[in-house]
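What TrEMBL says about this one:
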DOMAIN    527-650  domain 'STAS'
REGION    1-24  region 'Disordered'
TRANSMEM  147-167  transmembrane segment
TRANSMEM  179-199  transmembrane segment
TRANSMEM  205-224  transmembrane segment
TRANSMEM  259-278  transmembrane segment
TRANSMEM  285-306  transmembrane segment
TRANSMEM  343-365  transmembrane segment
TRANSMEM  377-401  transmembrane segment
TRANSMEM  407-435  transmembrane segment
TRANSMEM  442-464  transmembrane segment
TRANSMEM  476-499  transmembrane segment
Amino acid sequence: MSNRISNEMGADNTDNTSLHSLPLGPEELPYVHKVGVPPKPKLLKEITDTLKETFLPDDPLRPFKKQPRKRKLVLGLQTVFPILEWGRDYNLSKFKGDLISGLTIASLCIPQDIGYSKLAHLDPQFGLYSSFIPPLIYAFMGSSRDIAIGPVAVVSLLLGTLLQDELDPVKNKLEYQRLAFTATFFAGVTQATLGFFRLGFLIDFLSHAAIVGFMAGAAITIALQQLKGLLGIKKFTTKTDIISVMKSVFGAVHHGWNWQTILIGVSFLVFLLFAKYIGKKNRKLFWIPAIAPLLSVIISTFFVYITHAEKDGVQIVRHIKKGVNPSSLDQIHFSGDYLLKGFRIGVVAGMIALTEAVAIGRTFASMKDYQIDGNKEMVALGTMNIVGSMTSCYVATGSFSRSAVNYMAGCCSAVSNIVMSAVVLLTLVVITPLFYYTPNAILASIIISAVLGLIDLDAVILIWKIDKFDFVACMGAFFGVVFASVEVGLLIAVSISFAKILLQVTRPRTAALGRIPRTSVYRNLQQYPEATRVPGVLIIRVDSAIYFSNSNYIKERILRWILDEEETLAEHKQPGIQSLVLDMSPVTDIDTSGIQALEELFRSLQKKSIQLNLANPGQVVLDKLHASEFAKLIGEDKIFLRVADAILMCAPKLEQV
């Protein structure tokens, strides 16, 4: 193209600073920039580059390039076991920080583990088992310095609910435990597989808003479940929805509540909440809410022991099996009817556990300004749960409350998990008999105080301000968990997240553009009311790739833009539209359906005597326009580098003003 333009060549809505105009002609006027057609890449290279960007965006093999074989072996071992890399610089000063952190989170995790195991309908020792082996595995394979590993409330509740739907945890106790180990095994396999094949992006399909709502709903559900222990109710519903729980609670007012239990539970709940308040007010006093649960257990246990309150109806933990984790490899279902059930439950629990752990790891990594490898994290979490399933553990993951304490206590590395694991081992071997008289009410208080932190009102308010559809997803997940079940809430969360993706893909935004006064910049008329329309020209920007899922909508939406514009012009007795300029800047890709939609749009415009022009198509889009010969159909001189260039050709007098 060699069409001359005026001297006024202001900045446009595309980057033209690195492009050069054609040589000046005899009249000293610059030429319209020609849209460059890049050489078409080889098919194999194109496929390879696409796969690399999809599965290897961080280029994990870069450190191995141009390295001798021995160095590659060392790097490979460091990739699998990051402790071999950061362990070389480990020193006594760092160990002091990790020792304090490990002891602190151990004091928090021991009473929590006993309580969380009850959420999963398992004996108390299984919660302690799950804070012994998995943290050790993670310490060697994980890439986060701050995350603390163990059972968590949400996953425990989810696992217990799903398992309870298949087997009664009281009547079929041993089979229930076997199914729990099977689900844990497949949860680990799911996590490790996602990491090994670098499919971690799949967990991002569960939106942040849906997670916030799901976590808040789970927190309410968990807290309501603890009313059984807090009030001393013996007969309690197995359902988790708020209506069933409240019926069960108030139905036992006259014959099921125990005032001694209520006194113990409520008084220590107030103490725990006050301790958390102190910790929030003064970060230096983080140790107070950290040791408060263990302190509560010690005091309440001693009180029950000396008063024999268990004789007055106060329910206690009683026997906790002493000793280290027994092997459970022979208890995992690798065949039979429960294999598929264990697989289904494990996949769901594993994905939720993975989502929580990765979110926690990324949060604390950003606070300390270091990077974690999401795929390494998945492999580490998966491996620890696979090994855990063989050593009588149930699904473990990153705990937000313990990780926060770990961070504030000044941890320097994953050694804090090793210290915590050692303390839990000591508890299993020596201390478990001392928990015999621990009242269930204190465990309920500890769980309630812990899960209240999962309700993030600030995040909910922010979601409402930013995106109303996200708020719907958040509330949908929340009410699904609270009024139905954990599974229903999770299903709603996933469904709404996918619905949002489909809506954004199938109904992309389009915008009419106008010219910013005294510039050659064209912007959205709604965003910039001072922008002016170009007489006889309609400028439309498509804010999405054009695929089979949205191509027909985009074509119809553009035709509707034209219809609305012509009606407006007719009302004001102004000339109709002569040219349509499509700003293709945001269009990252186009497929055959998109090309066909453009062809249909071109024919429709021809019938209306409207000329179609394209502005600034990207390399991928331009390649496909030429490959399909659409560029020849509309004319290569109708494809421009900038919207301003297209306007120069469609309305040259206006541009020269």
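The count begins at 1 with the first shown residue.
Heads up, the Cβ atoms here are built off N, Cα and C, so glycines get one too.
Remember, TrEMBL labels are computer predictions, not curated facts.
Only pairs six or more apart in sequence are counted, and the transmembrane segment (285-306) with the transmembrane segment (442-464) gives three or more Cβ pairs under 8 Å, enough to call it a contact.
When the domain 'STAS' (527-650) is classified with DSSP, helix, strand and coil residues number 62 helix, 21 strand, 41 coil. Sequence-distant contacts of the transmembrane segment (407-435) (same chain, at least 6 residues past either end, Cβ-Cβ under 8 Å): 83, 86, 90, 94-95, 97-106, 109-110, 113-114, 124-125, 128-129, 131-133, 135-136, 138-140, 142, 144-150, 283, 286-287, 290, 297, 301, 317, 320-325, 364, 367. Among residues of the same chain six or more beyond the transmembrane segment (179-199), those with a C-beta under 8 A of the stretch's C-beta atoms are 55-56, 120, 122, 126, 159, 162-163, 166-167, 328, 331-333, 338-339, 341-343, 345-347, 349-351, 353-354, 374-390, 392-395. Between the transmembrane segment (476-499) and the stretches 147-167, 205-224, 259-278, 343-365, it is 205-224 that has the most C-beta pairs under 8 angstroms. The highest tally of CB pairs under 8 A with the transmembrane segment (259-278), across 147-167, 377-401, 442-464, is held by 442-464. Beyond its flanks by at least six residues, the transmembrane segment (377-401) meets 80, 108-109, 112, 117, 120, 122, 126, 129-135, 137-138, 141-144, 147-152, 155-156, 159, 180-185, 187-196, 200, 325-329, 332, 346, 349-350, 353-354, 356-358, 360-361, 450, 453-454 of its own chain at Cβ-Cβ distances under 8 Å. Within its own chain, the transmembrane segment (343-365) has Cβ neighbours under 8 Å at 143-147, 152, 154-155, 158-159, 162-163, 166, 179, 182-191, 194, 200, 203, 206, 211, 371-372, 374, 377-378, 381-382, 385, 395-400, 403, 407, 487, 490, counting only residues six or more beyond its boundaries. For the domain 'STAS' (527-650), the mean pLDDT of the prediction comes to 93.
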